[in-house]
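Colleague: I have a structure I would like to understand better, so I am pasting it below and will then ask my questions one at a time.
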Amino acid sequence: YCFQKINRPGESDEGCILDGKLYPFGEISRTENCYRCSCSRDAMRCCTLFHTPVGYNKEKCKVVFNKESCNYDVVQKDDPSKECFVYSRV
């Protein structure tokens, strides 16, 4: 998933603002919220670093976002210490 945020005139002379945080002009390999971005005077273009699991046992498993790894973990509802098999992500 990717998006673009157009910078308002005079919004910042030092970089781009995303989710209340200032990022410098240029390439940002990872934001606080797990996006890879490019910041220019005109706009900020970002894409997610994570893929959303869609193919897994939804009855026995649940999805939990892991901000440290910038990915979704799919774990057993009964025992979250055990991972579930995921056969497709988008």
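For all residues, glycine too, the Cβ spot is worked out from N, Cα and C.
Annotation source Swiss-Prot lists disulfide bond at CYS2-CYS16, CYS34-CYS70, CYS37-CYS46, CYS39-CYS47, CYS61-CYS84, citing experimental evidence. Look at Swiss-Prot and you will find VAL90 tagged as valine amide, backed by experimental evidence.
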Colleague: Same chain only, sequence gap of 6 or more: which residues have a CB within under 8 Å of the CB of CYS47 (disulfide bond)?
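Modeller: In sequence order, the residues whose Cβ lies under 8 Å from that of CYS47 (disulfide bond) (at least 6 apart) are TYR1, CYS2, PHE3, TYR35, ARG36, CYS37.
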Colleague: Return only the integer: C-alpha distance in Å from CYS70 (disulfide bond) to CYS46 (disulfide bond).
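Modeller: So the Cα of CYS46 (disulfide bond) lies 14 Å away from that of CYS70 (disulfide bond).
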Colleague: To the nearest whole angstrom, state the Cα distance for the pair CYS61 (disulfide bond) and CYS39 (disulfide bond).
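Modeller: If we compare the Cα positions of CYS61 (disulfide bond) and CYS39 (disulfide bond), the gap is 38 Å.
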Colleague: Could you work out which of the disulfide-bonded residues (CYS2, CYS16, CYS37, CYS46, CYS61) has its C-beta surrounded by the smallest number of other C-beta atoms within 10 A?
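Modeller: Each of the disulfide-bonded residues CYS2, CYS16, CYS37, CYS46, CYS61 was scored; lowest Cβ tally within 10 Å is CYS2.
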Colleague: A 10 Å Cβ contact count, applied to the recorded positions CYS34, CYS39, CYS70, CYS84, VAL90: which residue has the minimum?
Modeller: VAL90
Colleague: Around CYS16 (disulfide bond), which of the listed recorded positions (CYS34, CYS39, CYS46, CYS84, VAL90) come within 10 Å, judging by Cα atoms?
Modeller: CYS39
Colleague: Taking just the CA atoms, what is the gap between CYS34 (disulfide bond) and the residue listed as 'valine amide' in Å?
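Modeller: The residue listed as 'valine amide' has its Cα 16 Å from the Cα of CYS34 (disulfide bond).
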Colleague: Quick one: of CYS46, CYS84, VAL90, which recorded positions lie within 10 angstroms of CYS39 (disulfide bond), measuring between C-alpha atoms? Sequence order, please.
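Modeller: Taking CYS46, CYS84, VAL90 one by one, the ones whose Cα falls within 10 Å of CYS39 (disulfide bond) are CYS46.
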Colleague: If I take the alpha carbons of CYS46 (disulfide bond) and CYS84 (disulfide bond), what is the distance between them in whole Å?
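Modeller: Taking the Cα atoms only, CYS46 (disulfide bond) lies 29 Å from CYS84 (disulfide bond).
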Colleague: For VAL90 (valine amide) and CYS84 (disulfide bond), what Cα-Cα distance in Å is obtained after rounding to a whole number?
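Modeller: The Cα atom of VAL90 (valine amide) is 17 Å away from the Cα atom of CYS84 (disulfide bond).
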Colleague: In terms of DSSP three-state secondary structure, what is the assignment for CYS39 (disulfide bond)?
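Modeller: Assignment for CYS39 (disulfide bond) reads strand.
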